[in-house]
Amino acid sequence: MLITLEKRPTPSRGWAIATPVLAVILTMIAGGVMFALLGKNPVEAIRTIFWDPLFNPDVASYSRPQLLVKAAPLILIATGLSLGFRAGIWNIGAEGQYIMGAICGAAAGLALYPLEARWIVFPLMILAGALGGLLWAMIPAILRTRFRTNEILVSLLLVYVAQALMASMALGALRNPEGGGFPGSRNLSQWPAAANGELVANTGLHWGVIAAILAVIAAEFLLRRHILGFDIRLTGLAPRAARFAGVNPDRLILLCMGISGALAGLAGLFEVAGPAGQISIDFASGYGFTAIIVAFLGRLSPVGILLAGLLMALTYIGGELAQFMLSLPSAAIQAFQGMLLFFLLAVDVLSNYRIRLATKGAA
Amino acid sequence: MKRRTLLAGAALGLGLGLSLGSAAFALDKVKACFIYVGPIGDGGWSFQHDQGRLALEKELGDKVETVYQESVPEGADSERVMTQMALSGCNIVFATSFGYMDAVNNVAKKFPKVMFEHATGYKRDSPNVSTYDARFYEGRAVMGTIGGLMTKSNKIGYIGSFPIPEVIQGINSSYLAAKKVNPEVTMSVVWAYTWFDPAKEADAAKALIEQGVDVILQHTDSTAPLAEAAKTPGVIGFGQASDMAEYKPSPRVSAIIDNWGPYYIKRVGELLDGTYAQGATWAGIGDGEVKIGEITEAVPPEVKAKAEEVRDAIAAGTLHPFTGPINKQDGTPWLADGETPDDATLAGMNFYVEGIEGVIPQ
Amino acid sequence: MLGGINLATLIASLMVAAVPILMAATGELVAEKAGVLNLGVEGMMIIGAVCGLVAAVHSGSPALGFLAAAAAGAALSLVFALLTQVFLANQVATGLALTLFGLGLSSLIGQGYVGVKPPPTGRLEIPGLSDMPVLGPILFHHDVWVYLSIAMVAVVAAVLRRTRAGLILRAVGENHDAAHALGYKVTRVRLLAILFGGAMAGLGGAYVSLVRVPQWTDGITAGAGWIALAIVVFASWKPWRVLIGAYLFGGISVLQLNLQAAGARIPVEYLAMSPYVVTILVLVLISAERGGRGGNAPAALGRNFHAAR
């Protein structure tokens, strides 16, 4: 007997909803086994990760809003990436664009320090942040359209360049002149004209969250109603047909890379002006890479990405709680997240393929 | 790898006017929470802080409950972790990386009843924030003495992490100590731009050895430079942050050990008996916060005696590693004969002393 | 002599510095040639590093350690193979997840082995040859893995170019539908290529924990896996150029430290980013020269195969 896969004509909607639930359950089982092997109570560990951030009486009032803070950059970046991914355009250098957005946005703001006019400083920083990410994404995009250079690799390589730039900025050009010689810029979140603080107290809501929600809505609209969304979907499904239909592939590459770069840059700016506060050597925290995973967990659909981003944030925050409440090593949480991703990726096959049991093997 | 960026606390106003009563009442039991920037398995910085936590548990037994969280990135994540710690009932939070500075002060404002202790920082915005640090440069002077006396090639190498004051203090201090016992000595500095990257640290050590260096000091956290030194006979090095005893008796001939336990025991003890108050501690060899690891038999007895003499004189307060006359690298006078710098100057040190070659990267 | 640096010792040390990235890149090259983009190299390397050390410490034999490292790297890559080849999951996302999982798992396995010294791996001393001036230290003063890593490049180059197996592998990577139509087992070929990539990454990681550093600490590979990925691109998927790329990348990092030790004044951060910029330029040059064939990249790179029948 042999199991074969048969491609569904269209992805199953039922499975598309059921598979993430299935994956979470599978992860709970496998993760529970791992926690038990580490000598911890598996039920308690799972409860701490998935339940306590939302409903624990001591911490939930704080950690619930924090979910938004943690999820916002992931959702913002992933939404931009998903457009390109749907069209077969692989920007995996969002981490670099995120860093460049933070550098450019912070630099634009710091150039005006200590100006107090928020209506000048903050919008300018937002603009510079988006532009920084956009320009950084344009490098692989233009190399691809001009020379057919593989954008996966160029965008990835540019991440390292951006990281090195970040270190040199923290130690050099953007270093806080009043910081006693220590690496790191001024703290933007303590400068009212530039701060991306909470808009409503204790909600976690900052401009990055709003931008993420707007991006999700815009992307949903784009994909459903706009001709560009149609072009993207058509190119992803049938590149040759798209070309015959008059889609200009080069234009699509520039647009998709540009949008994802600008959104990643925005995420970087909102992070550096808000939660992170400053340009520092360790600023890059891998959001750009995690967002790729979030994009796929969300099945490349804007609403899916919104949920996937929140789930990812939940495992981060729940993982932190589990670490200090139950003394779980942080490595166990990392491995647990890895498992969750594996299962989510694996069960996706159910929504795209039908599983058949064939009695005669022929493959 | 995320690492702390640490500062030898700008101990402005050390112990002055800081005795504002923060916790005037005694507690029956203290929940002490620790937040580390690296994994406790890093064998260096975070490992030593965790050793301090374990010493605290051992000393105070069931009067203290400790929890910790490792590998917490600086920035937004650390602020969240500390807030959650405060919410879940911690009485005192030890934040053990320089980069947590703004987060510590933000969280402390919201939880006036929770005490916050920030390692290597200098900001104490609310009365419930204290800072603590160790005078590592004192230990460096002992290392420099051993290195200066033991080098055959008269070349000492120093693997620096980042060009920040704490590291520069160490370079200057060890150079001055070596120079004092061996006027021929020169020092080459290699900046690794990392706190922790074993392969890179090994390469840096190798590059130094190839330049004829036979004494290696390091301000990065892994044992890789020692492992590299072990491959070439006659090259010696020192344990950094932890004892690194597995490289005894040579190349590891001694070590500079971060010993946080006594401080943690003291502060939690004060919380228990109600004498706790805000403070800014910058303690060195004399207070046991910087320990000199066993000087092994690979060191000749007279060198060992000299090193112990320096150690004991620093501990007793009769010797300051920076005692004039000392010029800056460009020849301008820094300290007059017999003069010693104040802590604020030390904490912001951003220049080499005369005789060291190369420039501090900017 | 170059600015006070002895060129012979510089070359000798860059050869050692390059071994981990060379091994991992050679493995990744084979996987990519088969059309599989596995971004989990870092995860597989670090699993190899920790398992190699644990096995070597318990058995007392570095060789067994390396063997265990190859097995561990291959085992982790099997997860990748299962997800991408059987469950048809996206390769980019799966590779990233693999790295995340590998970093976490390695740290769990490594608890209790922090700072433990592994048994030493000896150098090959060839009487007469090792003592030669200049060439002696460059060519004949290394441990066996330095030579093996070069030998692996030669083997991979020969297999890819001259054997039927290599031809099938390349066919699968260029056009899996055509290869399938010709009766080749696309999934099986890719599975083997992924396993080879995993084993090589594991060996590269073990070289870090058993020879170069040698010890275990969390995060010991410190990004070497990502550099290996860059090298494959730099080499435009040609084995011998992988060797050049690895030596260049290893060389630049060694060179900048040596220049510093020799007292030269250099902007460290800019030197650190130079290999990546050079790689991008090389990529552009190759793809421009080929008139838009994507720079010699296997045509099916990163695309999943499903036999529709």
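Just so you know, glycine gets a Cβ as well, placed from its N, Cα and C.
The transmembrane segment annotation in TrEMBL covers C:6-24, C:36-57, C:63-83, C:95-114, C:134-160, C:191-210, C:216-235, C:242-264, C:270-288.
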Candidates C:134-160, C:216-235, C:270-288; stretch with most C-beta pairs under 8 Å toward the transmembrane segment (C:36-57): C:216-235
Leading contact stretch, C:63-83, C:134-160, C:191-210, C:242-264, C:270-288 vs the transmembrane segment (C:6-24) - CB distance under 8 Å: C:242-264
Closest-packing stretch to the transmembrane segment (C:134-160), where packing means Cβ pairs under 8 Å, from C:95-114, C:191-210, C:270-288: C:191-210
Winner by Cβ pairs under 8 Å against the transmembrane segment (C:270-288), considering only C:63-83, C:95-114, C:191-210, C:216-235: C:216-235
Tertiary contacts of the transmembrane segment (C:216-235) (same chain, 6+ residues out, Cβ under 8 Å): 20-22, 24-25, 28-29, 32, 39-46, 49-50, 53-54, 99, 103, 106-107, 110, 113-116, 201, 204-205, 208-209, 241-242, 244-246, 248-249, 275-276, 278-279, 282-283, 295
